[in-house]
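Worksheet for the structure shown next.
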Amino acid sequence: MWSYKQYRRLGHLGAQQAPTHSTEKAEERQKLENLKSSTETDSEAKGATEEGKNEANKDDDDFVIRAAEEDDPMDPRNWPLVGRAKNIAILSLLIFVQAWAGADASMANSDASKEFGVQPIQESAYTAAYLFGIGTGALLFGPVSETVGRNPTYLVSTFCFLFFVLGTALSPNLASQVVCRFFVGLFASATLAINGASVRDQFRPVKRTFVFPVIAWANVTAPVIAPICGGWIVARTDISWRWTNWVTLIISAFAFLVALLFLPETFLPILLDWKAKQLRKATGDDRYTSEHAKGEFFSARLKRIGLLPAKFLATEPVIAVLGAYLVLLYSLLFSFLSGFEYIFKHTYNLSAGQTGACFAAIAAGTTVFLVLAPGLYSWARHHTEHVQGAAVQPEFRLWPAIYTAPLLPISLFWLGWTNQPTISIWSGLGACFCFGLVLIATYVSSYEYIIDSYGDHAAIALASITMVRYLVAGCVVMAARPMYERLGVSWTMTLLGCIAAVLAPAPLLFKIFGKKLRAKSPYAKGPEDD
């Protein structure tokens, strides 16, 4: 609805500009007529005339609509700050509800297993199928959004998402539930994979320091707030565990309606394409076009990026290592959905509602980082010497990850080896708080570093990481229960803590050697572009 309002507004603008453009085209036509009426007799003059005709015909073929200048009001980066803040709030709501869906019924594993007559390990496919769906769709929706725009991609995918959430709530058996969950994840991948591009559409580098933590908070906090709600639903005897799905459907439908009514299109090439269409309509001249309309079709875009994810992961150390770090963090996050049953429920004899409430410790860690976002923004402003529109050196983005990286192995060893009934539950919750802090700090640093380093290739780089992150996390979710049962909490956390200790120096190493790595990369921006 809001994007339609944008389109109509561009129509009024086109009608106002039509006389000016018509005058310019009349002058071009007059020049062409003058060239056609020339009657040079010698061969050199004829050649010049033919060349002039060809040049005039070439110029007459089309009028490409482009952004006028850096402060063009059509550019979403120049829209009023209040409007852009509204857009980020709506986008965060969409992200939150679709990330929430990944963990909505995690506390209902036992009840669902009994109803469907399967083992709890088999019911873990509920979460794994969602993660596999996101991993499958991660590479698909970037080209879709660049072809039809961000707004239609968000709205259509969310509408389909709602239908499969409804299907999940009504599923009579595990098989139908898993199929619906896969498509829930597939359509959620549109919002979860391209939201970083929407932030880049609307904000320059320094302001992204403030905005991106908000988007990241919605991404990583929703899966740990959902079990809190789900735990108390499961603990109640007067309602079914399926209400975990109905709650997801209700909040997602609300988010969809808000986005439908108030979320605008933010992809500048699409906005310029709309302007060209309105000028064609206002003037009756079909030569108005845009670079987007003259560019690649969806199939060509998809074909062009088809092999790049594998190439990025194989040849770009930044993508491979930071991707591995995020894979570990997301594997931990989603394995905790079943792991908290062993870490807290069995150890401290908690109810389902109390076990779900333990996820609040992770949410508290992510929220504390969000509260620090204004400080990060001020730091970035100081780093760029308060120059408006200045670029931020990519390695500067790594500081939050550098400071928090040592906390990841510490928190895992701490959680594993204090997991005893004789030790206060607050000890384990403190470790979870530290994990939440590391989770969001690494997410923000990695994404912003990749966006600033890879420029126009950032979307493909992030999609590559997103694909691998969710596919591996889906596999880990299926292995989590057997791992906790066979190794126990202490040795499971020790194993994961050792992996975290190996990856912990990565942000610092990229801070030191990042410029050299970017200089050697054919895809990253070199140090001279900082």
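Just so it is clear, glycine is given a Cβ too, placed from its N, Cα and C backbone atoms.
Because TrEMBL annotations are produced automatically, they should be read as predictions rather than curated entries.
Here TrEMBL flags 13-63 as region 'Disordered'.
For 22-34 (among others), the entry in TrEMBL reads compositional bias 'Basic and acidic residues'.
Here TrEMBL flags 43-63 (among others) as compositional bias 'Basic and acidic residues'.
Annotation comment: TrEMBL describes 87-530 as domain 'Major facilitator superfamily (MFS) profile'.
Through the fold, the transmembrane segment (125-142) approaches residues 101-103, 105-106, 109, 112, 153, 157, 174, 177-179, 181-190, 192-194, 197, 302, 305, 309, 334, 337, 459-460, 463-464, 466-471, 473-475, 477-478 of its own chain, all at least 6 residues removed from its boundaries and within a Cβ separation under 8 Å. If you look up TrEMBL, you'll see 125-142 (among others) marked as transmembrane segment.
TrEMBL lists 154-172 (among others) with the feature transmembrane segment.
Within its own chain, the transmembrane segment (178-198) has Cβ neighbours under 8 Å at 87, 91, 94-95, 98-99, 101-102, 125-127, 129-138, 140-142, 144-145, 150, 153-154, 157-158, 160-161, 164-165, 167-168, 171, 212, 215, 219, 266-267, 447, 451, 458-459, 462-463, 466, 470, counting only residues six or more beyond its boundaries. For 178-198 (among others), the entry in TrEMBL reads transmembrane segment.
Summarising the annotation, TrEMBL assigns transmembrane segment to 210-234 (among others).
Annotation source TrEMBL lists transmembrane segment at 246-272 (among others).
Annotation comment: TrEMBL describes 318-340 (among others) as transmembrane segment.
Residues or ranges marked as transmembrane segment in TrEMBL: 352-377 (among others).
Feature annotation from TrEMBL assigns transmembrane segment to 398-417 (among others). Within the chain, the transmembrane segment (398-417) has long-range Cβ neighbours (under 8 A, six or more residues past its boundaries) at 329, 332, 343, 369, 376, 379, 427-428, 430-432, 434-435, 437-438, 441-442, 444-446, 449, 489-494, 496-498, 500-501, 503-508, 510-511, 514.
A Cβ distance under 8 Å defines the sequence-distant neighbours of the transmembrane segment (423-446), meaning residues of its chain 6+ beyond its ends; these are 212-213, 216-217, 219-221, 224, 322, 325-326, 329, 332-333, 343-344, 348, 358-359, 361-366, 368-370, 397-405, 407-408, 410-412, 414-415, 465, 507. Under the heading transmembrane segment, TrEMBL lists 423-446 (among others).
Per TrEMBL, the feature transmembrane segment maps to 458-479 (among others). Residues 121, 124-125, 127-132, 134-136, 138-139, 142, 146, 185, 189, 192-194, 196-197, 200, 305, 308-309, 312-313, 316, 319, 322-323, 326-327, 330-331, 333-335, 337-338, 446-447, 450-452, 523 of the same chain, all 6+ positions outside the transmembrane segment (458-479), place their C-beta atoms under 8 angstroms from a C-beta of that stretch.
The transmembrane segment annotation in TrEMBL covers 491-510 (among others). Taking Cβ pairs closer than 8 Å, the transmembrane segment (491-510) reaches residues 318, 321-322, 324-325, 328, 332, 339, 395, 398, 401-402, 405-406, 408-409, 412-413, 415-417, 419, 442, 445, 449, 483-484, 517 in its own chain, all 6 or more past its ends.
Sequence-distant contacts of the transmembrane segment (210-234) (same chain, at least 6 residues past either end, Cβ-Cβ under 8 Å): 88, 91-93, 95-108, 111, 192, 195-196, 199, 203, 241, 243-244, 247-248, 333-334, 336-337, 340, 351-357, 359-360, 362-363, 366-367, 369-370, 372-374, 376-377, 436, 439-440, 443-444, 447-448.
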